[in-house]
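Read through the structure below, which is laid out as structure tokens, and then see the notes.
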């Protein structure tokens, strides 16, 4: 078969125009083209047809050093990456090349990063709770197996730490495979996460096939094309795990889905499309839908997705985070005000919600305790203005009691993390759902009204709080 060869006619930042002449067939949209820049393979993805013989492409690698007249080969297919067991314990880039210095990924199976979502008839509708061991999440905004969870928060409130704790808790307790897509985040954090996984045994360097996680990175320093596609590459690996061996439960982490949108906006501007609200791409909802609709459970296996979503300037009405809302089953909102109080995880118990916090799914007791906790916290929030102006003394006895309980609940929602042990020196805690419900039930019923607030800060179960109170009294 004769190769379809074109030549570069123009390079503007990450956009490359390639001309196909001499009866060459024009490559299809989304086809991967290859060229070699100082022996370095560069992959270009066809984005637009310009005229009869030119295609406009987005580069997946650095265009530095590309020159006009350089030969480009049409592969005839979209980007394909290795999938399956061979990817475990490895880090690859958007086009499936290893970036961990451990040699080629020897997989017998490769797969296109573009796939349709599963048919309706094959999708599963069952709902089971995924216990994370994190009190505030399990009680107030529980996650579902096969659900989509959004972690919302501004810069520096703890999204990545929470994701690392979820990988630690859920991957170990759950036993399935995990895929982590690093989309446009800090390279240092990606490196830290990799070494953290090696230290905790999630990645086994001696026998990579025994590892529990595959990593796909397209970090901040990569061109927008790579950042716009790396989430699809990660999802393709997650789908391969879900569908293998008659089905698996897979965890799919994306850090950060906002960077996926941001890269899409950059690509859109480079291609000359007219921007929509706040400068985002006109195809924002379509791009997000194509990714999110593939993250789903079938009758054989599930993909549970946790997506960190950076909120620009803490504005939840920004088109990027608000477009994500429509696809999520649960939202965990991280609050700067709570982080400023020193309460970690800084999850906002009133803003965070979940579709499965329903008595038919979680049970009557869990639902009742969660709603009582929220009611106490909401009352405290509404009283804060009065306290700020008039002070605590002006409150009724009933309101004083509510404030006291709310402050204890607020502190009891904090928890030491395993992945933060190295920073805090405090042993991490995994709290079972029954212990979480029992602890908060006792708090709202007033069983622990006599204990000091400090006893509830950074503990696991309620028994630990009681023990801490005894130590504080000494």
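Placement of Cβ uses the backbone N, Cα and C atoms for every residue, glycine included.
Positions annotated as ATP binding site by Swiss-Prot: 153, 154, 155, 156, 157, 158, 159, 160.
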**Study point:** Residues flanking the ATP site, with Cβ no more than 8 Å from the Cβ centroid of 153, 154, 155, 156, 157, 158, 159, 160 and excluding those residues themselves
**Key:** 310, 334, 339
Revision key, fill the gap. Residue 156 (ATP binding site) falls, by three-state DSSP, under coil
Study note, to complete from the structure: Its Cβ having more other Cβ atoms within 10 Å than any other among the binding-site residues 153, 154, 156, 158, the winner is 153
Revision key, fill the gap. Sparsest Cβ environment (other Cβ within 10 Å) among binding-site residues 155, 157, 159, 160 belongs to 155
